[in-house]
Amino acid sequence: MRLPTPTLPRRTSRPPSGRADGAEPDGMLDDAPEWARVIVYALLAAFVPASLVVTLVFAAWLASTASSVPAGTAITTGLLGWLFAHGVPLNLGRGSLGLIPWLLTLLPLLSVRWSAQRLLAPQAAQRHRARPTDWVRGDVLVSAVGFCMTYALVAFLVGTLARLPGASVQPALAALCAFVVALLGVAWAGAQLFGGHLDRVIPRVVDAWYDYVPAWLRRAVAPSLRGVIVLLGVGALALVVVTALSVDRVASLYGDLAPGWVGGAVLTIGQLLYLPTGAAWVLSVIVGPGFSAGGPAVGVGYAHGGALPLVPAFGLLPDPGPLPDLFRLVLLVPVAVGFYVGWVAVRRGARLSAWRQRLVSVVAACLLTGLLTTAVFALASGGLGSERLDRLGPAVLPAGAALTGELLLGGLLAALVTGLRVNRLPRRRAARKPRAASGNTVGSDSTDTPPDTTAAAGSRASEAGSLGARTSSGPKTSGPKTAGAKTAGAKSAGARRPGAKASGTRTGRAPKRRTTGPS
């Protein structure tokens with residue numbers, strides 16, 4: 001006798017608190033209160049880049065054996081450098097250091113993005129939607145604002161406490177710049193976490209984007225961003241070429257400074273952090289108006305000399321005097337970029353749209369590209385502390401206006417070329433129709449239509465029928481031959497007409513013979 005197996009209840013694992021999907025927690029802070037997580041992640045986002053900058057400055061202080069500066073001053077300088085990475089200008093007594101190394105800004109921005117991703121991960125795991133009347137989902141808004149405010153508070157405290165006799169910052173401005181960097185990092189993290197479901201997090205923002213922003217302006221955003229990236233790439237490539245042509249001059253400046261191994265490494269890293277700024281300066285020369293570095297200035301056709309600080313990067317400036325006439329051909333580069341922007345703007349819309357719509361899309365994309373690049377020129381300008389070097393960088397408004405005009409010229413050429421292509425499409429289609437019709441007529445007369453075998457098959461069937469009628473009155477021994485003849489005739493007719501059946505017969509069988517009874 002077989003005993004029944006008892007059924008035991010299944011044990012269900014309880015999901016950890018704060019996680020809606022039952023996944024394993026990412027760290028010890030997943031079970032902590034939300035306010036604690038906000039504070040800890042904000043402090044962590046500020047501590048990591050600040051410690052890296054302080055370590056770099058402290059290493060340079062250790063390498064300078066002849067320096068009498070105490071270690072506390074080096075640490076304070078590193079903290080001021082961390083604020084400087086957020087775009088906060090340094091007050092140096094006689095002037096201000098406002099030429100920001102924007103490549104260094106990636107350090108706090110990446111740290112903020114990493115911390116914000118860990119902070120918003122539980123909210124991203126939850127599937128519920130925000131109410132349609134909300135601009136931002138409530139829990140995401142509370143966490144994001146708390147994180148940005150805490151980060152800005154840390155910057156305010158550092159700006160208040162980190163002061164030197166010859167260098168300081170404004171605490172309120174430090175808090176504002178840190179809040180902007182934190183907001184950008186949180187937006188970056190949120191776009192990665194909620195990228196496919198933004199309507200669940202910011203429903204009214206998404207609706208406002210499609211309801212109030214015109215379609216031609218929405219279509220111009222992506223081409224303009226591509227255009228800015230291409231322009232900065234062109235400037236960076238030109239900067240690399242100029243550096244390769246001026247290696248000897250830069251090396252001689254390094255020899256005059258004699259910074260040593262560690263000091264030379266720190267000096268090189270500091271100059272590399274200004275790579276986006278240098279690319280913007282070179283781009284302003286390609287555009288036409290150029291830039292000024294205190295006394296010296298460089299344009300598309302000239303180079304003025306003057307006194308400069310002993311920085312190896314300034315060895316890239318050309319010798320004073322007029323530049324070759326062939327150098328003016330670089331003005332075609334922004335026109336080519338404008339052609340690319342206009343081409344992308346037209347391709348994003350309907351190919352067969354009206355010429356006015358194509359023209360509006362191209363003009364909007366080129367204007368937006370010029371506006372964004374003008375903002376880049378403004379961010380690449382600033383001072384280096386002294387009164388003589390209080391303004392360095394591109395001529396913002398002239399360079400922006402010249403670039404916008406060149407982009408519009410290239411964009412209009414792209415609109416003209418695409419318009420000609422669109423106008424040729426109906427002509428090609430109209431030319432193809434007569435060719436297709438004539439081709440069908442010739443084919444039907446020659447080989448396309450099979451020959452008509454119906455009459456021949458009918459005549460053969462009638463001959464076979466008459467032959468059967470004549471043999472029906474003969475001897476009975478000729479009956480099978482006559483039937484076979486009829487069947488063969490039907491098969492031959494069927495072979496000439498595939499799929500057709502002979503009238504009065506069944507396929508594969510002989511027709512029935514009519515017999516007469518006794519009189």
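Positions of Cβ are set from backbone N, Cα and C atoms, glycine also.
The compositional bias 'Low complexity' annotation in TrEMBL covers 1-17, 443-469, 476-495. As annotated by TrEMBL, compositional bias 'Basic residues' applies to 426-435, 509-519. If you look up TrEMBL, you'll see 1-26, 426-519 marked as region 'Disordered'. The transmembrane segment annotation in TrEMBL covers 38-62, 69-88, 100-120, 140-161, 173-194, 228-247, 253-274, 281-306, 326-346, 358-380, 400-422.
The stretches the transmembrane segment (253-274) and the transmembrane segment (69-88) do not meet in space: the count of Cβ pairs below 8 angstroms, excluding pairs fewer than 6 apart in sequence, stays at fewer than three. When each of 38-62, 69-88, 326-346 is scored by its Cβ pairs under 8 Å to the transmembrane segment (140-161), the top-ranked stretch turns out to be 38-62. Same-chain residues lying 6+ beyond the ends of the transmembrane segment (38-62) with a Cβ under 8 Å from its Cβ atoms: 29, 32, 69, 71, 74-75, 77-79, 81-82, 85, 107-108, 111-112, 114-116, 118-119, 143, 146-147, 150-151, 154-155, 158, 182, 185, 262-263, 266, 269.
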